Each structure stands twice: as C-alpha cells, then as structure tokens.
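Quick look at what TrEMBL annotates:
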type	residues	note
TRANSMEM	B:20-41	transmembrane segment
TRANSMEM	B:53-70	transmembrane segment
TRANSMEM	B:98-116	transmembrane segment
TRANSMEM	B:146-171	transmembrane segment
TRANSMEM	B:183-203	transmembrane segment
TRANSMEM	B:215-233	transmembrane segment
TRANSMEM	B:253-274	transmembrane segment
TRANSMEM	B:333-356	transmembrane segment
TRANSMEM	B:376-397	transmembrane segment
Number of protein chains: 2
Amino acid sequence: MENSEAFERHHLLIYLVKWLPLAALVALLAGTASAFFLFALEWATATRIAHRELMLALPLAGFFVGWLYLRFGQQVEAGNNLLIDEIHDPKKVIPLRMAPLVLAGTVISHLVGASVGREGTAVQMGGALADQLTHVFKLKSEDRRILLMAGISAGFASVFGTPLAGAIFGLEVLAIGRLRFDSLLPCLIAAVVADQVGLLWGVHHTHYHIANIPGFNAWIVLAILFAGAVFGLTGRVFATLTHGLSTLMKDSIGYAPLRPFLGGIVVASVAYFFNADRFIGLGIPGIVDAFAHPLASYDFAVKGLFTIASLGTGFKGGEVTPLFYIGASLGNILAPFLHLPFALLAGLGFVAVFAGAANTPIASTFMAIELFGADIGVYAALACVVSYLFSGDTGIYRAQRKAQAKHQATLESNW
Amino acid sequence: MENSEAFERHHLLIYLVKWLPLAALVALLAGTASAFFLFALEWATATRIAHRELMLALPLAGFFVGWLYLRFGQQVEAGNNLLIDEIHDPKKVIPLRMAPLVLAGTVISHLVGASVGREGTAVQMGGALADQLTHVFKLKSEDRRILLMAGISAGFASVFGTPLAGAIFGLEVLAIGRLRFDSLLPCLIAAVVADQVGLLWGVHHTHYHIANIPGFNAWIVLAILFAGAVFGLTGRVFATLTHGLSTLMKDSIGYAPLRPFLGGIVVASVAYFFNADRFIGLGIPGIVDAFAHPLASYDFAVKGLFTIASLGTGFKGGEVTPLFYIGASLGNILAPFLHLPFALLAGLGFVAVFAGAANTPIASTFMAIELFGADIGVYAALACVVSYLFSGDTGIYRAQRKAQAKHQATLESNW
C-alpha cells in the first residue's frame with residue numbers, strides 16, 4: 001500500500017514534469033500556427049472581396065490545390081481522420097508537410113472563395129506540429145496519442161478562441177458516446193495556452209451577442225428539443241451529402257485535381273452569375289447577420305450546398321465554420337415559428353448543428369458558454385444533446401470510433 | 001442500409017417517447033423531494049441556531065439515527081454507493097425507504113448540528129424515488145440504470161441549483177476516468193426539470209459572488225495549478241480519513257447506534273465548550289464568509305475534522321457541502337500567498353476539493369460556471385482537473401469503478 005502510493009506519487013510527478021512543458025510547447029506551436037493562419041485568412045478574404053473576379057479563378061485554384069495534394073500530400077490527405085486514426089492506433093509520425101499543405105490549400109481555397117472552414121486547418125497544423133515532438137524527444141506510441149490529442153485541442157482552441165471547448169473537443173471527437181480522461185490535463189493546458197498564444201500574436205475573434213436569453217418555461221424546453229432534432233438531422237444530411245459527393249467524385253474521376261476543378265466551376269458560376277457572394281468563403285458576415293436580423297429562409301440550404309460542393313470535391317479548410325453558418329441561419333429562420341428570439345436560436349443552431357455533425361455535445365456546450373455566456377448553458381446543452389442523438393452515426397469525421405449506441409439502454413460492465 | 005436506418009429512427013423515437021416523460025417524472029419526484037428537504041433543512045438550521053443547547057443532544061440524536069438505520073435501514077445504509085453499485089450491476093430495486101430514512105436521518109443530524117452535507121440526501125431520495133418507477137412501468141434492468149442515473153442527476157441539480165453540473169455528475173460519478181453518453185439526455189432532462197421544480201416550490205439557492213476575476217497570465221496558471229494540487233490532496237486526505245474512521249468504528253464498536261453516539265459526544269463537547277459553532281451544521285455562512293473576507297488559517301482543517309467525526313461515525317447528509325466549505329476556506333487562506341483575490345481562490349477551492357474527492361472534474365467545472373459565471377471557466381477547469389489528478393484513487397464514493405489510470409499514457413483500442 002505504502003509502496004504503491006509512493007509509486008503513484010512518483011508517477012504523477014513524472015507525468016506533470018513531462019506533460020506540462022510538452023503541452024505548453026504544443027500550444028506555442030499550434031497557437032502560433034493558428035494566429036498566422038487567421039491573419040492569412042483575413043488577408044485572403046479581404047483580397048477576394050476587393051477583387052470579385054478572383055472567384056472566377058475557383059476552378060484553377062481547385063486544380064492547383066488538388067495537384068498539390070496529389071504531388072506532395074497523398075500521405076496526409078486524410079487530414080483530421082488521419083489524426084484520429086493515429087490516436088486510436090499509433091503507427092507512424094504524421095509527416096510535417098501536413099501543416100504547410102493544409103495551410104496553403106486552405107488559404108488558396110479562401111482566396112478564390114470556396115465555401116470552407118478553418119478548424120480542419122488549425123487542427124491538422126496543431127496535430128502535425130505536435131507530432132514532430134515525437135522525434136525531438138524520442139517519445140513512445142502511448143505518448144504520441146496524448147501529443148496528438150493536445151495538438152487537436154490546441155488548434156481548435158486557438159482558431160476559435162474557445163479553450164474549454166478545445167480541450168474537450170480533443171477528447172470527445174475520438175469516439176462516439178464515450179469520453180476518456182487520460183489526456184485531460186495535457187489537452188486543457190494545450191488549449192488554454194494556445195488560445196493565449198494566439199491572443200498575444202494579436203488575433204481577434206468575432207464576438208457574437210445574444211441580448212435576450214429568456215427565462216425557463218415548459219414551452220422553451222419543448223421548442224429547443226424540437227429545434228435540436230432539426231439541427232441534428234441537418235448535420236446528418238450535411239455529413240451524408242459531403243461524404244456522398246466525395247465518394248462519387250473519387251469513383252468517377254480518376255485524376256484528383258479535376259475534382260476540385262469541376263467543383264470550382266460549379267461554385268464559381270453559381271456565385272458569380274447569381275450574385276451569391278454571401279455564401280462563399282468563411283461566411284462570418286452571414287453568421288453575424290443571423291444574430292442581428294431575420295434572414296431569408298433558404299440561406300442555410302444554399303450555404304450547405306456551396307459547402308458540400310466545395311468540400312466534397314476537394315477544397316481544403318474543414319466543415320466547422322460553414323456548419324456554424326448553417327446552424328445559425330437555420331436557427332434564425334426557426335425562431336419565429338417557435339416564438340423565440342432569433343438571436344437565441346441562431347446561437348443554439350451555431351453550436352448544435354456542429355455538435356450533431358461532429359458528435360461532440362459536451363465540447364459544443366462549453367463553446368456556447370464561452371461564446372455567448374453562462375446563461376445559455378442549459379439551453380445549449382439541450383440543443384446539442386438532442387442534435388447529437390438525431391445526427392445518427394454518420395459524422396463529419398469518418399475515423400471516429402463508435403464506442404457506444406447513442407440511444408440504447410445497455411447493460412455493460414466494461415467501464 | 002435503408003432498413004437499419006429506418007430501424008434506428010424507429011428506435012430513437014421510442015427512446016424519446018419513453019425517456020422524455022420518464023425523466024420529467026423522475027425530475028418531478030426528485031425536485032419536490034429536494035425542495036421539501038431544503039425547507040426542512042432551513043427549519044432545522046434555524047431551530048438549532050435559536051436553541052444552542054440543541055447541540056448537546058448530538059449524542060442522543062446520533063444514537064437515534066443509528067438505531068433507525070439498524071432497525072429499518074440495513075438494506076439501504078450503503079447510500080450513494082448502493083446507487084452506484086446498482087447502476088453498474090443492477091440486481092434489485094432500491095427500497096423506497098431509502099428516501100424517508102435519509103431525509104429523517106439528515107434533518108435530525110442538522111437539527112443537532114452534525115457537520116454534514118445535503119447532496120447525499122438529495123441524491124439518495126432522487127435515486128430511490130426514481131427506481132420505484134421500475135415497478136410502476138415494469139422496466140428492464142437496462143432501463144433501471146438510466147432511471148437511477150437520472151435520479152442522481154435530478155437530486156444533485158435540484159439541491160444545489162446547478163442543472164448542468166447535476167446532469168454530468170450523474171454520468172461522471174460512476175467511474176473514474178471515463179464518461180459514457182448513453183444516458184446523457186435523460187440525465188439532462190431530469191436535472192433541468194428537477195431544478196425548475198425546486199424553484200417552483202420556492203427554493204432559494206445561496207448566491208456567491210466573485211467580484212474580480214483577473215485576466216490570464218502565466219503566474220495565474222502556475223498558481224492555480226499549485227492550488228489545484230493542494231485542493232486535490234485535501235480531498236484525498238478527507239476521503240481517506242472519513243473512510244478510515246468509519247472502518248475503525250465498525251471494527252471496534254459492534255452495536256451501530258453507539259458509533260454516532262460517540263461521534264456526537266466528541267462533536268458536541270468540542271463545539272459547545274470551544275464555541276466552535278461556525279463549524280457545525282451545513283456551514284453556509286462560513287462558505288459565504290470565505291468569499292467576503294480573509295478567514296483564520298485553521299478554518300478548513302477544523303471543519304474537516306468536525307465533518308470526519310460526524311460522517312465517519314454515522315451521521316447522515318453527505319460530504320459535498322462540507323467539502324465546499326473546506327475548499328472555499330482553504331482557497332481563502334491560500335490566496336494571499338499566491339497573490340490572487342481571495343474570492344477567486346475561494347470559488348476555485350469550493351469546486352476543486354469536491355472535484356478531487358468525488359472524481360468529477362467536468363461536472364465541477366460546469367458547477368463553477370453555473371455558480372460563479374462563465375469567466376471562471378478556464379480557471380475552474382484547471383483547478384478541478386489538477387485536483388482530480390492529485391486526489392488519487394480514494395474518492396468519497398467507494399463504489400466508483402476505476403475505469404482508467406488517472407495519469408498514464410495508455411494504448412488501448414477498447415473504446
């Protein structure tokens with residue numbers, strides 16, 4: 001007893017002495033990468049808006065991104081899924097090139113106005129940079145798992161300015177229905193420090209404001225449960241269609257660069273000729289609008305189609321910010337039917353479509369609290385958990401393990 | 001594929017149609033029980049303060065509580081641990097008498113000034129009442145698991161006014177190092193509704209205020225990591241001593257009612273002759289003080305000893321509110337050494353000693369946000385996670401399964 005306690009204390013100290021600096025180092029790398037990525041993104045978006053004709057370069061830019069990955073990036077093309085797979089079953093250190101490739105691919109995608117996000121980029125840069133420490137410090141496979149989770153947490157936290165959501169995301173994204181605590185401290189430290197590193201570099205995150213969060217009553221709960229189901233089904237349809245288009249393109253077009261070339265033609269011609277500029281790029285102004293005034297009823301669907309056409313054909317950046325847009329604009333139009341303030345529903349949709357599509361209800365609840373304040377906590381939790389239940393087993397991350405049936409009473413002694 | 005999707009949708013609808021009303025019913029029962037318990041507690045505390053000599057009845061009251069459980073409560077004496085065991089390995093419906101017994105035992109304990117809490121009572125009433133629905137609706141063992149978790153969540157949420165913490169507590173308390181999502185929605189609904197039921201009955205929860213949450217810097221992080229370790233070790237010492245005294249009493253005194261009789265003599269004589277009134281009972285004024293002005297350096301230790309003497313000998317009520325006291329007063333005295341505001345450290349100690357002793361870092365982080373606002377989130381998470389790491393495998397709930405080493409990189413494909 002005495003011996004095992006002494007051993008455990010010894011072990012805990014070694015764990016801390018090892019992981020506090022390592023997590024901080026991961027945070028320094030990932031937070032810096034996120035900061036420069038966000039600056040590049042700002043530049044790309046401003047440039048695109050200043051030169052509308054840049055969107056006509058979508059097909060060519062798509063071809064170039066496809067060629068880049070075909071020529072240099074076949075090992076890292078699986079992106080977030082490669083990270084998740086390596087955490088579950090560590091085999092080989094992630095090639096460092098994942099970071100510059102996804103950075104270049106994303107900035108180019110945004111420069112010409114593909115409808116893509118940014119979390120994929122931040123997470124992949126965070127994961128790939130973190131994993132390089134494996135060589136530097138000659139770490140074992142068990143340690144690589146923690147390193148990669150911390151990299152994911154740090155990337156997510158610093159790109160969105162949400163450290164708690166980032167910390168939990170790195171644990172929760174790995175498997176559906178179960179959360180393991182073994183890397184909780186490294187992920188938390190990496191997320192908190194990376195967020196601060198980004199702020200020190202001068203990053204500004206968009207602020208969203210929900211003026212009026214109504215008090216609790218039975219109607220609100222039922223309305224939010226209903227909205228949560230709609231958000232979850234939307235996340236599910238989005239994930240299914242994106243995967244479906246991606247598979248279809250891979251099956252029917254052998255030469256990879258042609259896929260985003262085609263996707264670029266579709267996105268560019270629709271956006272250019274229908275003046276659908278609000279649906280291309282990251283879409284932050286559209287998200288902000290969803291908190292401020294009623295939107296057109298088709299907003300979320302059009303943004304969804306633009307995003308599916310961009311990501312499903314091979315543009316880079318990730319799904320999450322478009323999902324924020326889809327969720328916020330969907331919530332915005334659901335609000336009048338549910339007799340609730342549209343800013344509240346926009347905020348709930350923002351986090352809950354993502355919660356369903358990524359199967360991360362707890363990280364998403366923390367995100368709502370970090371972005372919109374503590375008062376939204378219970379409503380966000382209800383929307384995110386119901387969305388998670390309704391999104392089925394098709395998430396945006398194919399590599400996610402299915403640890404457990406989402407809605408099934410199980411007798412299981414295996415804890 | 002189509003069939004399995006249809007089956008899944010069908011299954012999800014059945015799950016919702018079954019669990020939304022059931023969870024609401026659990027909430028109604030548990031929230032009502034908590035409300036009346038809180039009113040009874042208020043009466044008992046006011047009566048004790050008005051009649052100081054009541055504390056001299058501690059030995060007799062202890063004897064009576066011990067006799068009550070010996071005569072009527074042997075099946076339910078394990079309390080929270082019985083609930084946790086039944087969730088892991090459902091055998092037999094919890095006897096309804098658990099609810100009135102723990103209610104009576106706790107109110108009597110508080111009437112004479114034992115240093116005990118209230119979460120044990122609320123959780124046991126919630127769990128026992130919930131489990132009675134097993135008979136009413138002829139539910140299967142798998143469903144009993146969910147029912148019991150929802151009862152725990154509802155009891156916890158309604159007694160503290162913290163629905164998110166309650167929802168997660170019901171899942172997180174079951175095992176160390178892992179959290180399963182299968183009952184997330186029932187637990188959340190039960191927690192949210194039970195909290196509202198309590199408020200509708202007119203319950204008021206104490207408000208704690210942290211005026212000044214300082215911005216982030218490296219010193220704060222290091223200081224909070226250090227404080228978190230102290231909080232965790234404190235939780236560990238508390239749990240070890242309480243279990244140790246309990247085992248010692250059981251081994252050396254065969255007739256159960258004599259144990260709280262002896263405990264009552266010790267608590268009563270120290271409290272009465274040393275005028276240590278602030279350390280008996282629930283201790284809410286002491287907790288409020290910890291947020292308002294500097295406390296004596298021995299406060300947390302004296303409260304700890306009073307609580308160990310009360311709970312370790314068999315008084316009823318639970319550990320959590322005394323742990324809030326111990327944590328808040330310990331944080332209060334750590335603050336000047338760490339050059340941080342004492343209200344901040346009081347708030348962090350409040351949640352983090354509990355996080356360590358109960359092994360529930362995520363529920364405790366939510367609790368901090370619900371009680372003190374979103375700005376404390378990251379600091380609370382750091383304190384709670386470090387406390388969780390430092391508290392070892394000895395929690396206040398012996399029945400908790402050890403799902404995973406707390407701090408160890410493991411390669412495990414079993415998700």
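Cβ atoms are placed via backbone N, Cα and C, with glycine included.
Here the transmembrane segment (B:253-274) has long-range neighbours at 52, 55-67, 69-70, 112-115, 280, 306, 309-310, 312-315, meaning same-chain residues at least 6 beyond its ends whose C-beta is under 8 angstroms from one of its own. Proximity of the transmembrane segment (B:20-41) to the transmembrane segment (B:146-171) is established through 3 or more Cβ-Cβ distances under 8 Å for residue pairs spaced 6 or more apart. Long-range contacts of the transmembrane segment (B:146-171) within the same chain, counting only residues at least 6 positions beyond its ends with a Cβ under 8 Å from a Cβ of the stretch, are 19, 22-23, 26-27, 29-31, 33-35, 37-38, 83, 86-87, 94, 118-119, 121-131, 133-134, 139, 179-184, 186-195, 197-199, 203, 205, 358, 360, 362-364, 366-367, 369-371. Here the transmembrane segment (B:183-203) has Cβ contacts under 8 Å with residues 16, 19-20, 22-24, 26-28, 30-32, 34-36, 38-39, 126, 130, 145-147, 149-159, 161-164, 166-168, 170-171 of the same chain, all six or more residues outside its ends. Between the transmembrane segment (B:376-397) and the transmembrane segment (B:53-70), fewer than three CB pairs separated by 6 or more residues in sequence fall under 8 Å, so the two stretches do not touch. If you look at the transmembrane segment (B:333-356), the same-chain residues 6 or more away from its ends with a CB under 8 A from one of its CBs are 208-214, 219-220, 223-224, 226-228, 230-236, 238, 287, 290-297, 299-300, 320, 323-324, 326-327, 363-365, 367-368, 371-372, 376, 379-380, 383-388, 390-391.
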